[in-house]
Amino acid sequence: MEASDEERPLIHHLPPQEQCSKYTCDGTVNIDSVEFTECICFYGVSKNLVTYLTSVLHESNVNAAQNVSIWIGSCFFTPLIGAFLADTYWGRYWTVVMSTLVIILGMIVLTISASPLFLNASFYNGGISRLTVYLGLYLFALGTGGIKPNIPAFGADQFDGADPVERVTKGSFFNWYYFSINVGSLLSSTVVVWVQDNIGWSVGFAGPMLLLGFGLAVFIAGRRVYRYKKLGGSPLTRVFQVLVAAVRNHRLNLPDDSSLLHELPGVTEGDYRTQHTNQFRFLDKAAILSDKNCPPAAPSSPWRLCTVSQVEELKMLLRTFPVWASLVGFFMVTAQMTSTLIEQGVAMDGRVGWFTVPPASLATFDVVAVLVLIPVYDAALVPLARRATGRDRGVSHTQRIGVGLALSAVAMAYSAMVEARRLAMAAAAAGTRMSIAWQVPSFFVLGAGEVFAVIGMLEFCYEQSPASMKSLGTALVQLAVAVANYLNSGMLRVVAVATARGGGAGWIPDKLDEGHLDYFFWMMAALSVLNLLQFLHYSIRFRANNTLSS
């Protein structure tokens, strides 16, 4: 699908020669409807999915936790596909529209699979019911890949980075973008989860699906006032061209003067010029001019000769990876909120006063922390830090991410202590269960960690990515979630098998009173501390665009 006129910059008040020559044109942002309703669908499924798999499909605790982690990982891996399609072929607007339709299809399949008529059918005990559930889940995963990287990038496109006021406003955009995500998560953790547990799974899936359809209609209605970025060609092709050209030119000697490297003589509309840096010098060989790769009177092949700007695009991506790797460790901790922490909550007393709290609804306090702390951060902490540091953002990206990583270690250590006390109570008096309210601080601290780590990484990846790869840059954050969930799934399996050798129950048995989930949480706390230490090591040495903390 080629980009239509709606994917090109829109303006009506300038002569043609001045239209969007350098920056995108004026427009308004009306994109939160899709993000908000997609989050209601996503969290409405993910928050209670482990309960659905154990109670309806009768999977074991370990298998259910593993399958949830794999599915969530898939939801955050497919954004690489969505980012590629948006940056190369469809543009962000059309990618969001098409992807939303795929999500709606997946929700329809899930709704049908959870309907009483389907569950009571004669083939329910066969494999068709399981196949239908996972078909709906993975259609959803495919569709959400076009939403997660492109909505934040499309929203940030609405701000002119050359305008001082809009530049500061864009810094707040990522805070409030994440705020809207967590409003959707809050509704899912409370209303949707309650509907699923008390009215029915099919109704709990159908309601969010209808809201997503409404959100898509609102998003399409604003199409004529959005700002659109010109497509910059395939970002992955440009990356591989640099790698291939550098290998082909590996025998050539780099010139002492970097100005002798290949660069286009001028910058036209849609081109991106980046200043040369001295890191990853081997890649500069892709831009060495020679008679072999640039013969007279013949066009040079981009697989033999690349521009300095193209080489620098790959360098910019490589500089983000040490920080990105730290975020993987953080998301391995947050993955416990949809797996082991819910299983811990099932083993606790859910009665709080006259109300029985579903274990999946404890994630509400993660959301509450985000909803409370984002306004505090944006309205109080940033102005104070801005006066102290002189930076527009108040604190650097790495400082913000580092605080989030530290909080993840605190949350896991607290969860370990809670589990140890729960096991002691269960052993002292059979049938005695610890109140589920003791889990609240874990979720709240993890929510606080997200305010610092996740939002900081979203803004960092968008700003540090090349101009032609903004969707791919934000997709890296989603990829971190995917890798973390895959690693968490594998780690759960390894821990379950390794600790159950010799006929023992292991750390995470189906009956948690017979296991040691506290040991698992202590292990996660230790890994979080190691993750923080390696992040501090890299954040001191690492510089992006000559200064990472800018």
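Using the three backbone atoms N, Cα and C, a Cβ is placed for every residue, glycine included.
Copied over from TrEMBL:
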- 68-86: transmembrane segment (TRANSMEM)
- 93-119: transmembrane segment (TRANSMEM)
- 131-147: transmembrane segment (TRANSMEM)
- 176-195: transmembrane segment (TRANSMEM)
- 201-221: transmembrane segment (TRANSMEM)
- 323-342: transmembrane segment (TRANSMEM)
- 362-380: transmembrane segment (TRANSMEM)
- 401-418: transmembrane segment (TRANSMEM)
- 438-462: transmembrane segment (TRANSMEM)
- 474-499: transmembrane segment (TRANSMEM)
- 519-540: transmembrane segment (TRANSMEM)
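If you look at the transmembrane segment (401-418), the same-chain residues 6 or more away from its ends with a CB under 8 A from one of its CBs are 323, 326-327, 329-330, 333-334, 336, 341, 344, 434, 438-439, 441-442, 445-446, 448-454, 456-457, 460, 518-519, 521-522, 524-525, 528-529, 531-532, 535-536, 539. Sequence-distant neighbours of the transmembrane segment (362-380) (same chain, 6+ residues past either end, Cβ-Cβ under 8 Å): 43, 47, 172, 175-176, 178-179, 182-183, 185-186, 189-190, 337-338, 341-342, 345, 436, 439-440, 443-448, 450-451, 455. Here the transmembrane segment (201-221) has long-range neighbours at 30-31, 33-34, 36-38, 40-41, 44-45, 48, 52, 56, 96-97, 100-101, 103-104, 107-108, 110-112, 114-116, 188, 192-193, 195, meaning same-chain residues at least 6 beyond its ends whose C-beta is under 8 angstroms from one of its own. Contact between the transmembrane segment (323-342) and the transmembrane segment (68-86) is supported: at least 3 Cβ pairs lie under 8 Å, counting only residues 6 or more apart in sequence.
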